[in-house]
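Taking it in order: structure first as structure tokens, then the write-up.
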């Protein structure tokens, strides 16, 4: 309300819906790129100041020259600033014109009940191919007699669209559909119409490599909960990164900025200080990109990942690229890792790299890492270090605590390097090096 009053007093025009969307998803879009990097540097500095204070509350003398617990390097810029995203998720909801079949991104919040779905044709971090597929999907559902599914309990069917692209020129589209009360025959009809539209109808202009369909009665659904059904094309798309070729499944994790990921992984390789006899433990390894890109530097790579399809991709990636010194374990890290490390007797140096989701590492994973004496060096990669990752940082660094069953020598943060994987947004990928 205050913002509206201030705007009215200055007689400024209301921002367009396009501006509102840009402000929501790419809030730094108006700033020159060097200024964006400076904004991100300051935000990472504040996060490290918080970590320093929290460590001192634990009785750890954390301050180094500069007042932080570790050295903070300048933000490493992204090689590509516009259109860098290789994955975009589009919602289906009411647009500013009231069209309930608008395909775009949200402006507003559920709490304030002012959500509007705005087309993303102008958003700077999204490639044109993603916008093209979204436009075609909207064209398809607008011609469909079936409603969009805005609220599950109110019925409707057409839901999210995910578009994934690669530098190899591949495009995967994944369409989420709420079946409601439709029978198998009716579902088969909708899948056939969708396939026809994208293969021989107006959607053929998208030249999809893969078209997937997922029936889902939940907000988010894994392949195990509701399988991704391939309607057309190849089951996977492929990406090339650091001279290697990677296979990507519909729900496999892959860094959103491929060119930025190359810069990030090269730096991770340097920070590992790996030698020919090092074993690299890649926790939350996804399709194996980090471990496989560093496999030539180490004697062995051990990857752990909860998404089964991603592990299948990782194993395929290793075999296809002729890499034979990698082993991958499927399952939750908190179940796999304690077993893996409890009986660790390998004399070779062990370096750990963790790249968890925003939920951070499970407590049992941190406990297993601390209890394994062989791990002297740990790289934590986080896209939200101020969130649950902060809890992990403190668990890694606090003194041994029998009450929490945290044994083992604590780690200490040594170096922090932010990587701008997300130009125009406020987010950074922070690599934090811990040693002991």
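From the backbone N, Cα and C atoms, a Cβ is placed for every residue, glycine too.
Sequence annotations record features per position, and here TrEMBL assigns active site, nucleophile to 383.
Counting every protein chain shown, 22 other Cβ atoms lie within 10 Å of the Cβ of residue 355 (S-adenosyl-L-methionine binding site). What TrEMBL records for 255, 305, 355 is S-adenosyl-L-methionine binding site.
Residue counts for the domain 'Methyltransferase' (277-340) under DSSP (helix as H, G, I; strand as E, B; rest coil) come to 30 helix, 16 strand, 18 coil. Residues annotated as domain 'Methyltransferase' in TrEMBL: 277-340.
The S-adenosyl-L-methionine site, placed at the center of the C-beta atoms of 255, 305, 355, has further neighbours from the same chain whose C-beta lies within 8 angstroms: 253, 254, 284, 285, 286, 287, 289, 290, 381. When every Cα pair among 255, 305, 355 is compared, the largest distance found for this S-adenosyl-L-methionine site is 15 Å. For the pair residue 305 (S-adenosyl-L-methionine binding site) and residue 383 (active site, nucleophile), the Cα-Cα distance reads 18 Å.
Residue 383 (active site, nucleophile) sits 9 Å from residue 355 (S-adenosyl-L-methionine binding site), taking the C-alpha atoms as the reference points. The Cβ neighbour count for residue 383 (active site, nucleophile), using a 10 Å radius over every protein chain in view, is 19.
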